[in-house]
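Visitor: Submitted below is the structure of interest, expressed as C-alpha cells.
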C-alpha cells in the first residue's frame, strides 16, 4: 500500500463522514468516496456482499435499495457491524444487519416502494476486508412499481446526481455482461458527469451468464468501449446459489476457478475477480483521497471562516442569564434607534442600491408627490371665470357697477384655498405610511426576539399615530391661517394696477395675433399606442409640450415635425394596460366630442413606467390640460340648461375686463399661497412627526419597554433562532474536528499515476453489442494509437505471467498476433496486420518496447 500514512487515509475519511453525518451535513460536503451505480438488478449489492463476505443487504424483486447506503469497510481482527443511527450497538449477526437496514429504510420512506436521499451509514469491521468507503445507490429503473410515483425514474436520477456530480467521488459503474454494454445506464451517467473518464471504474458482472459462444474478452482487455481506468470482471452468486445459502467464501473460490478455467479469461485471471477489485478500489480511493485532501482542507477552512464571526456571538451564549438579557435589550434598542436614524437621515455606509430608503421616499413625497397633488387641485379655467363673473354680478346686485369689486377676489381666493386641505392631509397620510414601513424594516433585525419585536413595533407605531393627529391639526391650522387674512400687500402680489395692465396686454395680444416665443414645458419620448397595424402600428416619437400646443417629431433633433395639436379643449384620462402590454398608457381627448388626431377620438400615449406617466400628467396640468372627472358630463348638461356658455359669449366688454382682472389677481395670490404651503408643509411634518418620533425612540422607547412587564418574557428567543444557533455551533465544531483530523495525517506519499487517456468516443455510438468479438465490433476508429485487429474467436491468448520489462504503465497498445491458420475452421479468415491511414503510428515511449513479432499479454491499467 505504500506506508502507514497511506493506510490511514480511508479511516480518516470515515471519521470525517461520521462527524458530518451526525449533524446532517454529509450531503453538502464533498468527501472522497466511491459511488456504486448501475441498472436495476445489475449486481451492485452482490458485489458489495462479496467484499464483506457476508449476506447483509436486502434482496427481492423491483427496487430493493431505496436509500443510499454509505458502507465503510474497516480492516480489523474481529468481525462486527455498527450503524451510525444505533451508536454503541454492535451487530455480530449479519441477518440482523439486513433487518435493521430494511427497518431504517421503511422508517423514512414508508413500506411502499418510495425512495429517499437520506443515507444510512453502516461500518463493517472484518479481517477479510480492505479499508474502503462505498455508497450503494438505488438501481436505475424506468417503470414505476407498486405505489411508486410516475416520476420514479427522475427521482432516482436526481438522487444519483447528488453523489456522482461531486469531483471527489469515484464512480463504480456496474454493468451486466449479458446485456448491451453500449446502452449501459451506469456508463451513460458516468460519461455525462465525468466526460474525461478520470473518475470512472468499470465493473462487468454476470460473465457466467453470457450466451454460449460469446465472451467479454475485448471489454475486459479495455479494447472494446475503453475506459481510462479500465474494467474488472466479477462473477457473483446466482439466485440458485443464494436460495441454497451458498457460502460467499465458496462463491469466491468458484469465481477464481471460473477465470482460471475459461479459455477467454485465463490470461486475465490475476486481474479479475472480487479480491482484485477490492485491492484496486482500495488503492485508487487511497490515491484519490491523497490527491483531493489539499482541496478539501481549503474548502473546510473557507467554510470555517465564513461562519466564525457569527459563531463568536454564540460561544458564550447563556439563554437564561438575566445580565445577558438586559445587555441584549439595551443593544437591540440602541441598534433600532441607529437604524431608524440612518434610514431617515441617510448615511454613507451600507447604502442600499436596490430600493429607496424611508428618508428618500419621504423626500420624494415632499418635493414630487405633494406639489403634484396641489397642481391637480388647481381650478378649471372656464369654471373659475364663470364663478368670478357670478361673484361680480351678485355683489353689484341690481345696481350697475362701475368698479371691480375686491370682495369678488376674496370670495374666489377663499374657495380655492379651501381646496388645499385635501392634498395636505393626503401628504401627512403618505408620510405616516412611509414611517410605519421604515419601523417594520428596522425591526427585522429583532426577529430572533419575536416578543420584543412585536412590542417595539406597537409602541413606536402608537406614538406615530398620536403624532399624526397633532400634525393634521397643525396642517389644518396653516390652511385656516391663510383663510383668515388676505395679505394683498405681499411683495410678490401683482396688485390691482398690474392686474389691470396685464388684462389689457392679453386683450391686445388676442387682437394683434403677434405672440412672443412660447415657453416649452416638457420634452421627451412617448409612444402613440392606438395606431392600427395596417397604418404602421405603435411608434415612438419625440414630443414637445408648450402652454399652447403639443407637437411631435420623428426624433429629438426636432427637424421633421409629424403633427401639432392645440391643447385647447383637451383633457386627460387613464387607459388600462393591454393583456400583453408592459407599457403604462394615458389618453388625450377633446371635450367637444371632436376627433383629436386624424380620425381618432382619442390619442393614446404610452410610457415605460408609471412614474413617467405621472410626470407627463403634471406637465399637462401646467399646460392647462386637466384629468377627466366623473361628473364632467353632468356639469356639461347643466351648463347647457343654464345657458352659461351663451352668457359668457355675450358678456359685455366691461364685465369681461373685470373678470380678467380678478382672474389675474387670484392667479397671483394663489401662487403665493401654494408657495407658502409647499414650503411649510415639509417643515411642519418634520418637526411634529419625524423629528419627534426620532427623539422618542432615543429617549423614551426603552422606558416604555421596561414598563410593559417582565423583561424575561420580552427577551425570549424564537425557536427558529435557537435551532439556527445550535446548528451553527455543531457545524463549527464539526469543521474544527475535521481540520484537526486532516492535520494529523501525513500525505507525503508516492501513488500510482492516473492511467493515460483512451478513446472514449464510443459512448456516442448506439447499439454496439457487448461481449461479441468480431472485426466490426472493435472500438471506433477515432484512436490516438494504431488500430489493433482483434483476436479471432476461439483463439487462446498467451499464458498469464508477468509483463515484459520496460512496458509502459497502463499498457501500450497490444501488438497484433502473427497471422496463421485458425484453429477454428468456422472462424473468419486471417487478418493481415496493417497500419491504418487515419492516424500516424504511435511512438514508443521506451526503448524496451515489445517486439511486434511476439504476442504480448495486455497490461492492466493498475499497478499493484
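Cβ atoms are placed via backbone N, Cα and C, with glycine included.
Annotations per Swiss-Prot:
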type: BINDING; residues: 41, 43, 44, 45, 46, 59, 60, 206, 208, 211, 236, 237, 239; note: GDP binding site
type: COMPBIAS; residues: 825-843; note: compositional bias 'Pro residues'
type: DOMAIN; residues: 28-294; note: domain 'Dynamin-type G'
type: DOMAIN; residues: 659-750; note: domain 'GED'
type: MOD_RES; residues: 80; note: phosphotyrosine
type: MOD_RES; residues: 125; note: phosphotyrosine
type: MOD_RES; residues: 306; note: phosphoserine
type: MOD_RES; residues: 347; note: phosphoserine
type: MOD_RES; residues: 354; note: phosphotyrosine
type: MOD_RES; residues: 512; note: phosphoserine
type: MOD_RES; residues: 774; note: phosphoserine
type: MOD_RES; residues: 778; note: phosphoserine
type: MOD_RES; residues: 796; note: omega-N-methylarginine
type: MOD_RES; residues: 822; note: phosphoserine
type: MOD_RES; residues: 851; note: phosphoserine
type: MOD_RES; residues: 857; note: phosphoserine
type: REGION; residues: 38-45; note: region 'G1 motif'
type: REGION; residues: 205-208; note: region 'G4 motif'
type: REGION; residues: 235-238; note: region 'G5 motif'
Visitor: Mind telling me which of the recorded positions 41, 236, 239, 306, 347 has the densest Cβ neighbourhood, counting other Cβ atoms within 10 Å?
Guide: 236
Visitor: Name the secondary structure element type, per DSSP in three states, that contains residue 41 (GDP binding site).
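Guide: DSSP call for residue 41 (GDP binding site): coil, neither helix nor strand.
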Visitor: Compute the C-alpha separation of residue 80 (phosphotyrosine) from residue 125 (phosphotyrosine), stating it in Å without decimals.
Guide: 5
Visitor: By a simple count, how many Cβ atoms lie within 10 Å of the Cβ of residue 354 (phosphotyrosine), its own Cβ left out?
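Guide: Counting Cβ neighbours of residue 354 (phosphotyrosine) within 10 Å gives 4.
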Visitor: Based on Cα distances to residue 44 (GDP binding site), point out the closest of the modified residues 125, 306, 347, 354.
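Guide: The answer is 125.
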Visitor: Measuring Cα to Cα, how far is residue 46 (GDP binding site) from residue 347 (phosphoserine) in Å?
Guide: 67
Visitor: State the Cα to Cα distance, in Å, between residue 41 (GDP binding site) and residue 125 (phosphotyrosine), rounded to an integer.
Guide: 27
Visitor: Can you tell me the CA-to-CA distance separating residue 347 (phosphoserine) and residue 236 (GDP binding site), as a whole number of Å?
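Guide: With distance taken Cα to Cα, residue 236 (GDP binding site) is 72 Å from residue 347 (phosphoserine).
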Visitor: In sequence order, what residues of the same chain, 6+ apart, have a Cβ less than 8 Å from the Cβ of residue 125 (phosphotyrosine)?
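Guide: Correct list: 74, 75, 76, 78, 79, 80, 81, 82.
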Visitor: Might you list, by sequence position, any residue in that chain lying six or more from residue 208 (GDP binding site) with a Cβ less than 8 Å away from its Cβ?
Guide: 235, 238, 258
Visitor: Over all shown protein chains, what is the count of other CB atoms within 10 A of the CB belonging to residue 80 (phosphotyrosine)?
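Guide: Looking across every protein chain shown, the total is 16.
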Visitor: Rounded to the nearest angstrom, how far is the Cα of residue 239 (GDP binding site) from the Cα of residue 306 (phosphoserine)?
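Guide: Roughly 53 Å, rounded to the nearest whole number.
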Visitor: Specify the secondary structure state of residue 347 (phosphoserine) as given by DSSP, simplified to three classes.
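Guide: Once the DSSP labels are grouped into three classes, residue 347 (phosphoserine) ends up as coil.
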